[in-house]
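Data block below; observations after.
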């Protein structure tokens, strides 16, 4: 067997797959440093070496500015600095990123390299600017709260049904939280010490009208029901990230409270509440109104109406207080919010409700004055509003059961606070216009949508649609104020016409001509109001419809089966917003009919009056504004660098900040009583003292003998102190009894009479005895007193 090389099984065997893989991995391992060292030449976007890097702005030394020339300069400069040119930075011409080749280096070596690079770049004539790149901390703009009930706040962020919420998270991500705005809840009080409200509480905007002190803390009651105001306040401004309960829609705003519903309420108290601290409070949230029983016709009385008007004129430095009111919860009683004077007012923002499925809840009311709707609770199978609650009595500080239009109005108030943060100079009419322009129409089988002449869709069930925080805030950011409020009031139109039963009807007309509107300049409508006086045996059987010149119909007075009042209407004002943006000129028709079964007595339209409110805007102006707002919905204007100038507000005199508290009042009453007591006591003491002096006098009325000297008194050393001042007898035989009231001389001090000069006593005698002197024998001095 010939000699040969001994076989080594492991080496002589054919290379299998595992062996090849090991060789490939070894090769890659050896190539990694080389690859990483050259990776920087691929461009700055993929750079991730972790070492120092510099941004450098170069200009061509040859003056041509060509990109190829600049690229060559950048390569040479980077090499001179011991760096690698990673390429141009984005689309910025002449800007390059220089990076240090990868490799572990001690900290001292890195610092030496940094100094060397800085020296090279600073001394090169082609370098216009350079800067070492630092790591920047950036966070994703997403909203995360640790409040335990925030995931259940579907109305803020509906994860179960995306889109069925108020669309507010994008606004929060841009740091719009209501900062700088104060919302006041006019209700039964606000528990401001609870941790969800305390950090945002505004004591300077608060007051208790029920107890007449500055603290609106709710009082426990038998029904455990005075939590209403606290719940509304939590919806607006509950503090986030405090690991407690929930989050408010405008959690950066201030929240105040006016306690007025926990006791008897008068017209004057309402008036005070509507204007209380109206240079501090921007928005008044009012989740209350007349009884929702389907038979009440009521609203603010004379003082309340005046306060609402004064608030929109002088409140908020002249931009106008924003009054947000709930439309009412009388739907199950077939009630209608046109019979609610607060919802019917042109000075308020009337807000209705929809449930989480976007449908009209069973309790919601309809009316022609409805401006918009937002979310609230529905039937028992649907979720209600999660918000802060009081922790008094049976309260736990948090609730998942807030519902009704009472829950919808505070959400609207919070969204308006977001609007005022980005545009503080919005007027009360600007807010109404933005709601009309941005509310979104949606389908509901109960809603009857009609598009008016100006292109706005409205339904009696949902107003102009659902409030959308994103649309409201973006529109507010670029909004310029509407022109002045123009109005037209017709004469009182006396009719005295019978109202027939259905299907017949009474129709009355009034034409508004161009000449009628010349004085005010009114062109397009906002609110239209009709004031009627009607007698009818059953008020709830009446149906009133108003037709604007365009033909747009408003059901301003809906029949109500539970309203059997026999007095009809006495100067009651109905209003509608359904003709918003339409032309004001033309013929208005009021159509009334009796839909009841009673035929024993006919109703009479005594008189009516038409009032138009609007502006000098034309139809073209409205269309231009619509296009402008739609262009802003991308959010391109919603950043701090863009801001339209705001006109300065009016200098409204501040309110007197001093308040008499009950304790102060009690103290003043006690001090007053004490003062009266001592005054009476002192007067009684003086009176008794004078009577005592008078009883001790011995002066008689009649002839008065004025001796020059009492010899007996002189001898006894008592001078004249024991001698009567006036006597018809000798002083030594003076009688001690008094026969009449004392005279002026009776009350003279004895030490004055003991002096040698008797002119005083003689003069006093003349004062006491003003009658003429009688001629008497020499040596006697007598007078007839």
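Every residue, even glycine, has its Cβ placed from backbone N, Cα and C.
In Swiss-Prot, the annotation transmembrane segment applies to 668-688, one of the ranges 626-646, 647-667, 668-688. Per Swiss-Prot, the stretch carrying the note region 'Disordered' among 544-595, 700-751 is 700-751. In Swiss-Prot, the annotation region 'Disordered' applies to 197-219, one of the ranges 197-219, 220-242, 243-265, 266-288. What Swiss-Prot records as N-linked glycosylation site, among 511, 763, is residue 511. Sequence-distant neighbours of the region 'Disordered' (197-219) (same chain, 6+ residues past either end, Cβ-Cβ under 8 Å): 182, 184, 188-191, 226-227, 229-230, 233-234, 237-239, 242, 248, 251-263, 269, 272-273, 276-277, 280-281, 388, 390, 392, 659-662. Here the Cα atom of residue 406 (active site, charge relay system) is found 8 Å from that of residue 228 (active site, charge relay system). Ranked by Cβ neighbours within 10 A across all protein chains shown, the recorded positions 167, 175, 241, 406 are led by 406. For residue 241 (N-linked glycosylation site), the nearest neighbour among the listed recorded positions (167, 187, 511), judged by C-alpha distance, is 167.
Ranked by Cα separation from residue 175 (N-linked glycosylation site), the recorded positions 167, 187, 228, 511 are led by 167. Residue environment of residue 228 (active site, charge relay system) contains 23 other Cβ atoms, counted within 10 Å of its Cβ in all protein chains. Listed in sequence order, 586, 587, 588 are the same-chain residues six or more apart from residue 511 (N-linked glycosylation site) with CB atoms under 8 A from its CB. Long-range Cβ contacts of residue 187 (active site, charge relay system) within its own chain (separation 6+, distance under 8 Å): 228, 229, 232, 257, 258, 259, 260, 261, 286, 287, 288. Summarised by DSSP class, the composition of the domain 'P/Homo B' (481-618) is 8 helix, 73 strand, 57 coil. Averaged across the domain 'P/Homo B' (481-618), pLDDT in this predicted model comes to 96.
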